[in-house]
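*Asks:* Please see the structure below; I have some questions.
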Amino acid sequence: MTDAAHPGTPDHGYSLPPSYLGAGTTLRSWLLTTDHKRIGLLYLASITVFFLIGGIAAAVMRTELMTPTGDLVSADTYNRLFTLHGVIMVWFFLIPAVPTTLGNFILPMAIGARDVAFPRLNLLSWYLNIAGGTLALVALLLGGVDTGWTFYTPYSTLYSNSYVTLAAAGVFVAGFSSIATGLNFIVTVHTQRTKGMTWMRLPLFVWSIYATSIILVLATPALAIVLAMIVGERVFDLGLFDPTRGGDPILFQHIFWFYSHPAVYIMILPGMGVVTEVLTCFSRRKVFGYEAMVFAILGIAIFGFFVWGHHMFVSGQSTFASLIFSLLSFVIAVPSAIKVFNWSATLYGGHITFEASMLYALGFVGLFTMGGLTGLFLASVPVDVHVTDTYFIVAHFHYIMVGGMVSAFFAGLHFWWPKITGRMYSEGFARAAALLMFVGFNVTFFPQFILGFMGMPRRYWSYPPEFQILNLMSSFGAMILALAYALPFVYFALSLWRGRMAGDNPWRATGLEWATASPPPRENFAEPPVVDSAPYDYHPAHAEPTEREDARDREDQDDRPEDPR
Amino acid sequence: MSGLNEPFQTLARQRGAAELGIWIFLASELVFFGGLFTGYSVYRFLYPDGFLAAGAETNLIIGTANTAILLTSSATMAVAVWAGREGLRRHVLWGLCLTSLLGAGFMVLKAVEYAEDIRKSLVPGAGFALPERGAEIFFSFYWIMTAIHAVHLTIGVAAVSLAAWRLWRGRVDWRGTAFLHVLGLYWHLIDLIWIFLFPLLYLLGRGG
Amino acid sequence: MSGAFWSRAGAHAESFDRLFAVLTGFSVLILLLVAGLIIGFSIRFRSGSKVTRHKVSRLVHREIEIGWIAATAIVALFFFWWTTSANLQQAGAPADAMEIHIEAKQWMWKASHPDGTRELSTLHVPAGRPVALYLNSQDVIHSFFVPAFRLKQDVVPGRTATMWFEADKPGTYPLLCAEYCGTGHSKMLGEIVVMEPGDFAAWLDSRPEGAGLIAAGRALFTSAGCSGCHAAGSAVHAPELAGLYGRQVPLADGRVVTADAAYIQDSILLPRRDIVAGYAPIMPDFADLLDEEEVAALVAYIRSLKGDTP
């Protein structure tokens, strides 16, 4: 009877159930919710708290590093700070960030589903995540952990007098959350796609979360077991990694990096998905090379499991092993490069507008390219030997994690904020924050490449005075960055009560999540939508795209009464 | 009593989802234990003599008995799952109860064995009984592998008992959903892991 | 600390700087290309610009895609081949390298020269001569990092790490620990003093340590009981050690290994691991009996045993 692809548009004059936000306002209705959208918001709240804690640690570290002599905090405190920063940011911010917030909120809607396959498991994931985070924070309050987020043995097992066991237990528990979330998304994508949503019509955001979930499920257990072994050593005096009893500390590194390298892709793949959605929407273009993008995502997910040894080129592993890992690390650069080129090509012939989320997405492409290119340095053994464990590495992975993943997270948050809250934020402030973040990020981390090349090792509480100028620059950049991160809190908060109503589809984006009300009803769609076209249907295939205004008109004429099967 | 949950429209699809879910979970379990097996293999290669000497110290009789018990429990579990498909409620109940009892029996024997191991100072750390280099590492693996297996089995026994109780009280749609199948797959995994642990920890060093 | 960090010394550093420069150049190129594409397209195809937007046919689409997949794959493989061959050329230490043992512990570096001279957190070496380092750690993982040489090697407890360098010009170069090792990690510093060969010889002579590592090893060889089996004419069937160093040794399991310092050390500490073909695995395990310095002395002594002398 009605347009299934656009239910709930007020103009159409039929009523919808109340939005998911109106389905109860008590604390209980939030804490016991099984609505994927509410769970997404619970995650958004918890990762924001963790992001602030990790960020404060970073701020103290950058302040400390303004002078070469360690005069703000003691060496032990500094060691606890970088461990805290790493543990919190990696496991309680970066890994859950996109999949559990935007993934939870958007993915079921993007495939036309009512919810994820296992809604109660989804809620359990969140509780496990904050339980793990709480354990880690308790370790912090009791006096901290000083092993670095990598927990290298035998330091972590035999020498550290800090709360390693508690922190490891926290990460272990959070690991269950990762596995449960990954499992849930895989099953959801397999079983909850709406009619007509074939695999090759999935938005690339969905593909990227799907690939991420596979890594979550197959890599996280390796971390879990190696942490269990560390706890076993510390609590029960096992000798698994104790060299005096014949144990081999390098074995720890192998198992740890078997998880932690794929974990890098857990962090970056969802970001890639978000950026694809944003770039296509604001350039009014179909994505360039959809199939290649899908295979690149899957290729990265699979190859990501076979490159862990490049973290160990100087550990004493055999030259032959290093060469194999080096080769595979170069190979995995290819799918990443394909994605960058395809994003650039997507812009060709578009009608590009520069909303805040587009600015973040464009920034992502640039910063990710820098991170990826410096990855080539690290893939080649003789170059890695000099720059590994220096600030070059620190800069490299921050370009991927912060420049890439955090930019993408903000791109997605700005893109879907109107859908999540039903309100628009101040576009001007948002653009300013995006530019500030780009500038602040580069001022913070670019000098660290030079520091690393000059030979400043990472995890140094004090450093030789010749490194001071670049460190000062970096700390100065960190202040800009901190300001840029503070801004969104302000305008997002303001948007909640001052913001203009967004309407169902403020960006005129394709994608099923835009085909329902903002904020969406509890069931997402009045009736299950039906899909009859490829994703990013901004213009007819191989025809020239049209401007957004035109597109709006077209859409209105195009309000085809969908034939509901 | 309909076993249909949000967001599913049909039982068949929900069953498919539950089965896919448990298989994915089992895959992640294999990676989890895979980390231990990798470590075991590395040290087995480094310290063949220490591992042989240490392997001869585990209690072969209890180990063998426990293997038999777990294999039997897998059979009773399979009976329960099969009976569930056929709709035979009494058989399902019997199967579940036997499975859970056998699982508990395994735990009791394991506890006896642990007590004996502690008496023989086979606990890594100061005062460890065996002088061979690598023997202590073998026992580190022995403890961590059997302990993690025991945790899984405890969860299994609890889950199977709970399932039997709920089924008895009629609180679960065991006919329509993948309930029994999922439970069965988890139980078989515990069994399968033990099938790997048994030769690694008990049969090693008994040859010849 | 003296000596500029970005100064460079030695062949490794030269080849590193060449690789680094080319990679940097390539990266800048690609970055400019991507930035150019993005900024260029953003300006040209901004909403409201009147430029004509051509259709891209499916075929051209595919050609472009295949084109850059092939291009990136070829570039990746080229860089792999190039950096790897640079790496392999410098893999093993030259045979005439001077050997120095390094002990790492929280939070200092101890060096012992072949003649037994020891120094703490400083290492004197002659210029223009390859130096092979054998590194051990007494506690946690450390990493021996000399930025001027562009070299770094993790030192993992329980195994001997090896690295080598050849400093071409005299000077003082900073040495740092690059693997996080606890409270004093950032203070685990030292320096490498590269001297003209003549100056180095003079410096060595001026050092008080007389006994020497080899002499200490010779004494230990008897006192620790090695000579009971390994001395020529011993009743026990044990491998002959004279002339062992640098030889190919066939093992019982069919492998053939080179008897380098790491092998000799492992044979003392882990005798069951590599059994020489034709011998019974009867050697006791010395891991708990000798400390790392004693092992280093023994290794130095065994190395000094020439083939034809008993």
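Cβ coordinates are placed from backbone N, Cα and C, and glycine is handled just like the others.
Predicted, not measured: the structure shown is a model, and the values here were computed from it.
Pasting the relevant annotations from TrEMBL:
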type     : residues  : note
COMPBIAS : A:539-565 : compositional bias 'Basic and acidic residues'
DOMAIN   : A:30-532  : domain 'Cytochrome oxidase subunit I profile'
REGION   : A:518-565 : region 'Disordered'
TRANSMEM : A:41-61   : transmembrane segment
TRANSMEM : A:81-111  : transmembrane segment
TRANSMEM : A:123-143 : transmembrane segment
TRANSMEM : A:163-187 : transmembrane segment
TRANSMEM : A:207-231 : transmembrane segment
TRANSMEM : A:251-275 : transmembrane segment
TRANSMEM : A:287-308 : transmembrane segment
TRANSMEM : A:320-338 : transmembrane segment
TRANSMEM : A:359-379 : transmembrane segment
TRANSMEM : A:391-417 : transmembrane segment
TRANSMEM : A:429-450 : transmembrane segment
TRANSMEM : A:470-494 : transmembrane segment
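Surface or core, plus neighbours and distances: that's what I need for these features.
*Replies:* Note on the transmembrane segment (A:123-143): residues 32-34, 39, 42-43, 46, 50, 53, 80, 84, 87-88, 91-92, 96, 100, 162-163, 166-167, 169-177, 180-181, 184 of its chain, located 6 or more positions outside it, place their CB under 8 angstroms from a CB of the stretch.
Remote same-chain residues near the transmembrane segment (A:163-187) are listed as 83, 87, 91-92, 95-96, 99-100, 103, 107, 116-118, 121-122, 124-126, 128-129, 131-139, 142-145, 147, 151, 156-157, 209-210, 212-217, 220-221, 223-224, 227-228, 230-231, 234-235, 266 (criterion: CB distance under 8 Å, separation of at least six residues from the stretch ends).
Residues 90, 94-95, 97-99, 102-103, 150-153, 178, 203-209, 211-212, 215-216, 218-220, 222-223, 225-226, 229-230, 240-241, 297, 300-301, 304-305, 307-312, 315, 339, 343, 361, 364-365, 368, 397, 400-401, 404-405, 407-409, 411-412, 415 of the same chain lie 6 or more positions beyond the ends of the transmembrane segment (A:251-275) yet place their CB under 8 Å from a CB of it.
Tertiary proximity for the transmembrane segment (A:320-338) is limited to same-chain residues at least six positions away from its ends with a CB under 8 Å from its CB atoms, namely 289, 292-293, 295-297, 299-300, 303-304, 306-310, 312-313, 368, 372, 375-376, 378-381.
If you look at the transmembrane segment (A:359-379), the same-chain residues 6 or more away from its ends with a CB under 8 A from one of its CBs are 268, 271-272, 274-275, 278-279, 282, 310, 326, 329-330, 333, 336-337, 340, 343-344, 387-388, 392-393, 395-397, 399-400, 403-404, 407-408, 410-411, 414, 431, 434-435, 437-438, 441-442, 449.
Sequence-distant contacts of the transmembrane segment (A:429-450), counting only residues of its own chain at least 6 positions beyond either end whose CB sits under 8 Å from a CB of the stretch, comprise 62, 354-357, 359-360, 363, 367, 374, 391-392, 394-396, 398-399, 402-403, 407, 410, 414, 470-471, 473-485, 487-488, 490-491.
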*Asks:* Hey, which bits of the same chain come close to the transmembrane segment (A:81-111), Cβ under 8 Å, at least six residues off its ends?
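*Replies:* Contacts of the transmembrane segment (A:81-111) (Cβ under 8 Å, skipping residues fewer than 6 from its ends): 36-37, 39-41, 43-44, 46-47, 50-51, 53-54, 57-58, 60-61, 64, 73, 122, 125-126, 129, 132-133, 136, 140, 144-150, 167, 170-171, 174, 177-178, 181-182, 185, 188-189, 192-194, 197, 202-203, 205-206, 209, 212-213, 216, 263, 266-267, 270-271, 273-274, 401, 405-406, 408-409, 412-413, 416, 419-420, 459, 511-513, 516, 520, 524-525.
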*Asks:* At least three Cβ pairs under 8 Å linking the transmembrane segment (A:41-61) and the transmembrane segment (A:287-308), pairs spaced 6 or more in sequence?
*Replies:* no
*Asks:* Just to confirm my parser: what is the rounded mean pLDDT across the domain 'Cytochrome oxidase subunit I profile' (A:30-532)?
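*Replies:* The answer is 94, the mean pLDDT of the model over that range.
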*Asks:* Counting only residues 6+ away from its ends, which parts of the chain sit with a Cβ under 8 Å from the transmembrane segment (A:391-417)?
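*Replies:* Answer is 89, 94, 97-98, 101-102, 105-106, 264, 267-268, 270-272, 274-275, 277-278, 281, 355-358, 360-361, 363-364, 367-368, 370-372, 374-375, 377-378, 423, 425, 430, 434, 437-438, 441, 444-446, 448-449, 451-453, 456-458, 488, 492, 495, 507, 513.
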